[in-house]
């Protein structure tokens, strides 16, 4: 009420007051509304265009995993409905918005024309009213110009709910302005009201132009906005989706999908990879042809136990690529999707159980707020100092403003990221960021180990290591977001408010225009170059992968003399990275140049306005210095945003691999409420077990029983299912049907960890850590004593060999144990299994790399002396049948089925498939024995010949004899004694 009285006392009506207020706040409210609506629209659009699937398991340490979000595909299938604005309607929206901008331009031209023909006194009085008429006109030109630009851009060239909303808000404002100005215009036609010199107006005091130019412009703007709203609303009623104007039918199974190791990363479809990822050495059955496709709906209906297999008829390429999928485009459409995706890292980064670190975080936030206050006080204090110096120059040296000077210096010491407050905040944040890094890296490492065999069969080591190394990027991204982006936004809003309060809405408007233009330019230019940066990151990963593969396969490279090829391949990978890096660097420099142009142009306009007001006597030199200081200070947050946006983009792209790695869920997890397996006795029973790989049958109706303390051997051709049996036993997969029991408990009803603790495995290919032999032996049981280790090594016939090394048990074995021979590694693996002391032992070709003599020694010690098999259940895969003649049960597998079973003698008597295999190996053994006998006979003859030659004084036969003897050496180990080959006499006859 008092405000209305004040306006009436100053000669203005309520309509005029409302008109003047609305004219000033018009551009600010429009821009604020646009920002809010745009953010809400981004959130809604990102949610409605995705299918959300809650994860069924948790991440490392019980932390929650993110929900699976599957993009709804844009498809051109007959069932897909795609309805959008026509080109004519789109042209109407663009033309209408352009015409809206032109009406503001006409107003601006009219005002400039009036000023050009006015007297100096009128111009001075106009400027004395702060030129606030330009707030409405300038704000309208820039805001509606940006809306028109957004309608013509490549990525967002169709009007949406954001445009519709700002058109509606603009229409409301224009109606208010038209109504209030019409009332004021009618009053001006009947009465001329002079402006009182000392009137106290809350916003500004310019005389409302008593002509029809503004009235006509307002009328035209109302008509244009009304036309845009009506046309949009009418078309909206014909379209199925008001927010996106598209309706896409997802190419998804209606039953949903759970992301696991067979799901392509980054919510996308697996695509072909560059530089050859076509082959996956996952199984002995072969490799994928890479030509077929399997839709995700089909894969979801497959068994829970899925893996890579060469018999998958082309589907394996998609499955194989999931672990290395490199998106060529940004996987997320909006900032909201990025933030929503990265929230998975927060439980690992926040020190939930460390109160001290939480207090440090709180203190850091307090310091950030103090820094914002210092940023406001510095330009104010500088203006006070300039004013004090001006006064001191008039009064003399005795009036030196020491207080103002030291206050300014004290504030400057605390301003900036490298000053006292910023440095203190960085120091306090060190333990927090270290905690975050350790927590995230260890969580990622644990998560990789929690993934199932499918993932590790398909992984490319270089790519995986590159993803694991991105924890620092994620940590840096979250730290910058917390302590740099949020403070930067606070500085920008504070700057706009500071300009409004201290210097008026015109300066606040130009600060807003500079800020908004700078941010829009940065985001748009950086977004257009996001794919280039992604190409650079992918090229860097490919370079690392090529380097890792080549060095890991060092021996293979040497076997094929492929050094030149590898050098060229790595050189090409580097050149590809450099080309991508050059494109990114060029785009970054171009963006920096345009950022400078935008900021300097805006700063020049503000400087001209401030200088002009100083000339007119409206501003003091101290205020001019304050404006320039704060404007320069505003450049800091803007420049940071430009560099930060690029940094964030780099961190996001780099961290995507780690993020998507976290999203992969293991397909082998414990059922809720299962109990551990206790006091395992080693009684195994398989009941009608079926299993397949991607609908390719691997095992069919397997039924057998292994009593505690017995030995069961599995024989058959390669690919017959022997290794699959071991993988099911070790809980790498679950059977499709039937049951596998240990001591009467279904393995699905006990924890995976407890089942694996009861099983010891000697694999065909032994992988050792790049450490000492002692470390690798103690890996099975860190609590065992050195004497126990020696006994286990003696049982594995490796102790004497180890002691022959210069460093003995402290000998380093090299990467993957490459410094040891295949037989030495197998014997270390056998000793390691002995030290684990499991109740169930699985030997997968455990002695395939050993010669027959050493094999017989180990068998005698382990099986006959019960070093390894005493009271333990043994499962053996063997191709050398002589190693399993002692087994109580031999199962012959053919194409995933048990075709024969029995003891060695029983199977020989059946004259079946086992008898055939034994016969072939026995003949080979006879041939080897005959060769050895011939070699011994030849050596004996040569020795006799040399003795005879020496007796006759002929000294020239030595070389020939040595050469002959040497040529008679065959790379064959000593023959197996005849008594170890039952049935040999039968075959010989």
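Even glycines carry a Cβ here, placed using N, Cα and C.
Within the listed segments 3-23, 24-44, TrEMBL records transmembrane segment for the stretch 24-44. Here TrEMBL gives transmembrane segment for one range in the set 164-184, 185-205: that range is 164-184. Counting C-beta pairs under 8 angstroms (sequence separation of 6 or more), the transmembrane segment (133-152) reaches the transmembrane segment (507-526) with 3 or more such pairs. Long-range Cβ contacts of the transmembrane segment (507-526) within its own chain (Cβ-Cβ under 8 Å, at least 6 residues beyond either end) map to 27-28, 31, 135, 138-139, 142, 146, 153, 492, 495-497, 499-500, 587, 590-591, 594-595, 598-599, 602-603, 605-606, 609-610, 627, 631, 634, 638, 641-642, 645-646, 649. Residues 13, 15-16, 18-19, 22-23, 26, 29-30, 33-34, 37, 144, 147, 208, 214-215, 218-219, 221-222, 225-226, 228-229, 232-233, 236 of the same chain lie 6 or more positions beyond the ends of the transmembrane segment (164-184) yet place their CB under 8 Å from a CB of it. Sequence-distant contacts of the transmembrane segment (593-612) (same chain, at least 6 residues past either end, Cβ-Cβ under 8 Å): 127, 131, 506-507, 510-511, 513-514, 517-518, 521-522, 525, 619, 623-624, 627-628, 631, 635, 638-639, 642.
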